[in-house]
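Asker: What follows is a single structure, and I will ask about it in a moment.
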Amino acid sequence: MLLKPKLAWLALLLGTSALADVHEVKMLNRGAAGSMVYEPDFLRLAPGDSVRFIPTQNGHNAASINGLLPPGASAFKSQLNQPVEQTFEVPGFYGIQCSPHVAMGMVMLIQVGTPIETMPKLPEGLAPRARERLGAIIQRALAPH
């Protein structure tokens, strides 16, 4: 008799994960927005969606930016030259950087769900080029869509 409720919960859990999307982001030496870029550099995700970061050229990774994560979200850092798939569960803004190229402005922004805050706050100590590029991404993200 307990088997039916357990099967119902299992079906519900499997059905939920089947609805999650996987988005692809390329890590590039040069792209439409210039040198050392993620394409796209901004994504809106539903909680539970994943992003597959693909190093199309050598020397890139994807790592969360300290101080630019929602409360309760876990930091992550991929290995150089390795594709990685990261699932985003906690609503809010996630800053992503390429560790070797953050000083050159290789950053992106991911919005999960509809965050309560209107603007992500850029952390102190962020490289000037990264700060400039993230500021431009935020302005585009806040534009009506």
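Including glycine, each Cβ sits where the backbone N, Cα and C put it.
Pulled these from TrEMBL:
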- 1-20: signal peptide (SIGNAL)
- 26-112: domain 'Blue (type 1) copper' (DOMAIN)
- H60, C98, H101, M106: Cu cation binding site (BINDING)
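Can you tell me where each of these features sits in the structure?
Answerer: Reduced to three states, the DSSP call for C98 (Cu cation binding site) is coil.
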Asker: Looking only at H60, H101, which of these binding-site residues has the biggest number of Cβ atoms within 10 Å around its Cβ?
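Answerer: Sorting the candidates by Cβ neighbours within 10 Å, the top entry is H60.
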Asker: Identify, in sequence order, the residues in the chain of C98 (Cu cation binding site) that are 6 or more apart from it along the sequence and have a CB within less than 8 Å of its CB; answer 'none' if there are none.
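Answerer: Result: M27, M36, Y38, H60, N61, A62, A63, M106, V107.
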